[in-house]
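For reference, the structure is listed below as structure tokens.
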Amino acid sequence: MPSEGSQQPSLDSFFKRKNPRVEPYSRTGNNAIIDLTDSPPNKKIKLDDEGSQKNRSMTQTSSSYFKGHPTARPLSVDKRLPRKPSAAIQAYKLQDVIPPQPSHSGLAFETCSLVPQASFVPDSQPEPSASPAPQRTTEQLKRHEEWKTRILAMSGSFRRKRSLALDEAVAAEAREAAGLEDEGTPFDGSDGDDYKSESEKNAEEVGKQLKKYVAKELAGKGKSKGKKKEEIGPSGLAYTPLEKQFMEIKEQNRDVLLLMEVGYKYKFHGEDAKTASRELGIVAFPNRNFFTASIPTHRLHIHVKKLLSLGYKVGVITQTETAALKKIGDNRNAPFARKLTHLFTAATYVEDPSLSSSSSSSSSVRFDDPVVPGTAPPPTNALVAIVEQPVDRASDDRVKVGLVCVVPGTGDITWDEFDDSQIRTELETRLAHLSPAELLLPKQRLTKATEKVLTYFAGEPKHRGRNAVRIERIDNIPEYDAAFDFLTNFYHCKEHKATVSKGDVNDERHLMTEGNKQWSLQPKLSQDGADISLDEEIYLASGVSSSKAILTLVDFPKQVVISMAVAIRYMKRFGLENAFKHTSSFVRFANRSHMLLSSNTLANLEIYQNQTDGGLYGSLIWLLDHCKTRMGKRLLREWVGRPLLDVAALKARADAIEEIMENNSYHMEKLRSLLINMPDLVRGLTRVQYGKATPNELATLLITLVRLASEFKPNMGNVFRSCLLNNIPNTLPTILDTSQRFLNALNLKQARENDVANLWADPDRFPDIQDVKDCISVCEMELNEHLMELRKILKKPTLRYITVSGIEYLVEVPIRDTKIVPAQWMKISATRTVNRYHTPKILAITKERTQHLEKLSIVAREAFIAFQSEVAEYHELVVVSKQIAVIDCLMSLAQTAAASGYCKPKFVAEPELKILAGRHPMVEMLREESYVPFDIHFSKEEGTTKIITGPNMAGKSSTVRAMALIVCMAQIGSFVPAASVTLSVHDSVQTRMGASDEIGRGKSTFMVELSETSDILQTITPRSLVVLDELGRGTSTYDGIAIAYATLSHIAEIGCNTLFVTHYPTVAQDLAREKPDKISNWHMSFDEIQMPDGGAEITFLYQLTRGLQEASFGVWCARLAGLPKPILDTAQMRSSSLKAETQERLRGIVARRVGWMLHNLFDNKTSSSQVLRNVEMLHNSLSSSSISFSQ
């Protein structure tokens, strides 16, 4: 046996790390109880005083302080203790610790640890007098006392910890540390044989239980022995059934972040857990073979939305059986059945209420949060599918792009095909308008230029305050023929496939326009031969039939057909393909009825977001948006970004706004009241179209539609002057009967509780539901009859079934009456006072009833989906909802127009733009100071090009932005901030302002400047409005002047209305002199006061005035910016010096020019008229150079 001193430190360190907690061993009377309640076997060993010695020799303990059996052989130190105690139970195999004994049948096991008692000393040790204890040194005694205090002098109550089955040497070391080394034993072992058989029996029973428990706790090597290699996880442990479920679903959804419902939590596993921990800020920890992270069920929808906003695809795995049903089912020992029931991306998430526990049945359903006027329009969450084809096979510079955009939440679909240049400006413009949340792109990649634009756009939200844009790569993009066949099958028009050709259906009416290479949908023939168009289809009451849908396919360009097939195939995975059902929702992006604002114009004019932080505050949509409904906010955003080109439509909107402002009649007030507490009807009806609405949602929709339809009586006639306003009272009554009929079909009380099984007011509407209910009623009747029998058996006339923890039809019997309970009854649960049972008959009937309940759930859900499909067929409900949104937008614009100083614009046929007392709409609202108005007039008589010069910070950029915004607002149909505005319809507003680089796209500041200018020159027409701010400043002075001069000269020849801001006076002077009928000079006025120190103090007047102004007063702006005075003084001196040098050079040039003129005059080589022209040119040069003849 190792010496005490050598072994004490190792034992001390071992127990210090493990920190065992041991229950004290106690004796009462003649019996001793070893309590194993905390261990899985839940056994208690009863020991009497006579047989305790032999029993202890068998139940050798790991932390016992008694000496073991005299025949126990000691183990070596290396085998006795693990070198790394953290290896826990896995390092110890009990059969190696306790040697097999002949009388013990080779049994090896472990028992609980016992705190030593003074009266128990093994008889194998000699008496103290015969064998004195070895003498200890002072250091050993001190260490001994500390150890004894640590073991015995604590609270006295040590909870039992799993034994590690230490060998006899360690046990002896523990006894010695406890001071029991020299104690003897009162047992002589004479009666051991009489107790031996019972002791062995108890020991074997306990040993078997403990071996089973220890085997369960052993790590991979022991547990996984005999398992197939694929069943063993990375930790060496076999995969659990739950882990196998996750792996099976993950194998089919590798690109999805999965949440698995486990009890009252949703869990992430593996790499998904690490991702969730990083993005959601939750803890991920290793658990068997995977990392695990979890969230509570009531927070699921919050975390799902956050993950979607970060660009992830999220799947939700739910339990398809309840705990109560599982307990009485045949698979009670198997894991819960689970499957992937929800799959979302940012674009396809349509606010599924089944994920939100916050939507109670008693609360009124709102499909969006309450609308706050002035807040941002709801995100469209658009999905955009893009394909392309190079125009020239030899080069990828120019491509033909096909684009389909679908908004799953509203069902709106936008499509387009267009040719794009090398820098993909057209594509960028469409992305800026559509603002997609997700892009569907071919996996084999697009052209390099296109990929660069898409990558930049997807990464831009980090800097523009938007959510991340997700990119989904699609395999196997179909060819045109395959895509056409796919769409044909989708619209169920197989009967037309043989008769409708892909290229010869009314070719003369569906030809490609050769001029702009764009397809347009012209009127086409329906089956009855009548002409129809997409605009007319929008107002068809019954929606668009599948036969008409297939006829529209031949009108779509080839790239659009391919994009649409890709989008529909992708949407099918989410169950949202019905968004393409109604072709009346199809709109072409670029058409002749709307102005196309480029992405640069949207940014420079701050249409959707400000340029300061990318937020809503200070933008045009912020100024105009006073909508009361979500659908109104979405429509207004579309209006603002796509101004009208149709004068009749513009006048209709302006007239409606004017009447709203002036009319306070009863009917107008009723029209305003329609918008109060209005849910998002468009989004709600779209969810009905998908079959994803809840009964509560559907009831809310129908109640709202009935309320709207009841506000106006049929055949009221025109109660308003405006045709737009009259659409509501004329259309609303037409949906009353339909809405009321659908509403009457529902049991409202059950609908509010989302009770699908009892939803229908007429039980015979869906007979399958009633048949299943009848079967359930038979089962319940049999259970009631069986209850009568149970009352007789138990002699309890008042006996009733009870339900506990979701388990129904329990028979509760007091403990005192359990003797009369038949042996066939199954005990389900118990308390201290009662037992609860299921009889065999109850088990059989409830199993049958459970099957009927599951069938009822399926049948009722199918019936509700069929009812939603029936509602969705009535497309006029969506049309009326969109008209409500139109009224909301008009009311919002009227509220803006009510501000002082706004006027109704006047449209004229001839090209003209005349603004009197115009103001910047947003600056006027943001600043407390009054805005200084401006006057401007563009016409053939007044010229179409205005060059604006003047000092920095004088208001040049603000003024030109205000002019462009007034044009945009006028063509939205809104009133404008001016005293008077007369204008013709502009087909585009093009702007080139500011200076910034695009490093991500490989463009310098000057390259960006020239690229934007190039796009403008390629798209403008004589009816465009162009704003160019300081073109040419990104390069050297000479190159900048040359580019500015050439560009402005070219634009002036086109004849479009142009505002050109520059600090190059030479350009302004030369062009105004060369083209006086088209170009005129203007500047922002100021006052200059000379100071005693030789400097000047500048006061900006912010007034637009005719004439040229050379001075920029850059040093004065530097003074306003707070630059140090020494720098300002140096800059002023250098500026004066450079100005003097320039004037000196000009004097030399003038002197040489005068000498040349006089020489030619006296030599009679120049005519008098030529001399006069030369003198005039010289005078102009002197004037522009601030050099007088006297100088």
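Numbering starts at 1 and runs along the chain as it is shown here.
Including glycine, each Cβ sits where the backbone N, Cα and C put it.
Annotation source Swiss-Prot lists region 'Disordered' at 1-82 (among others).
The compositional bias 'Polar residues' annotation in Swiss-Prot covers 1-11 (among others).
The compositional bias 'Polar residues' annotation in Swiss-Prot covers 54-65 (among others).
Positions annotated as region 'Disordered' by Swiss-Prot: 118-148 (among others).
Annotation comment: Swiss-Prot describes 122-135 as compositional bias 'Low complexity'.
Residues annotated as compositional bias 'Basic and acidic residues' in Swiss-Prot: 139-148 (among others).
Marked as region 'Disordered' by Swiss-Prot: 175-203 (among others).
Annotation source Swiss-Prot lists compositional bias 'Basic and acidic residues' at 193-203 (among others).
According to Swiss-Prot, the region 'Mispair-binding domain' annotation covers 233-347.
For Pro951 (ATP binding site), the Cβ neighbour count at a 10 Å cut-off comes to 22, with all displayed protein chains included. Summarising the annotation, Swiss-Prot assigns ATP binding site to Gly950, Pro951, Asn952, Met953, Ala954, Gly955, Lys956, Ser957.
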CB neighbours within 10 A of Lys956 (ATP binding site), counting all protein chains shown, number 24
Helix, strand and coil residue totals from DSSP for the region 'Mispair-binding domain' (233-347) stand at 40 helix, 35 strand, 40 coil
Minimal Cβ count within 10 Å, across the binding-site residues Gly950, Gly955, points to Gly955
Those same-chain residues, other than Gly950, Pro951, Asn952, Met953, Ala954, Gly955, Lys956, Ser957, found with Cβ within 8 Å of the centroid of the ATP-site Cβ atoms are Met1084, Phe1100
Cβ-Cβ distance under 8 Å, sequence separation of 6 or more, same chain as Ser957 (ATP binding site); the residues meeting this, in order, are Met993, Asp1029, Val1061
Checked against DSSP, the composition of the compositional bias 'Basic and acidic residues' (139-148) is 10 helix, 0 strand, 0 coil
In chain order, residues whose C-beta lies under 8 angstroms from the C-beta of Met953 (ATP binding site), counting only those at least six residues away in the same chain, are Phe1100, Cys1117, Leu1120
Counting other CB atoms within 10 Å of each candidate's CB, the least crowded of the binding-site residues Asn952, Ala954 is Asn952
Ser957 (ATP binding site) falls, by three-state DSSP, under helix
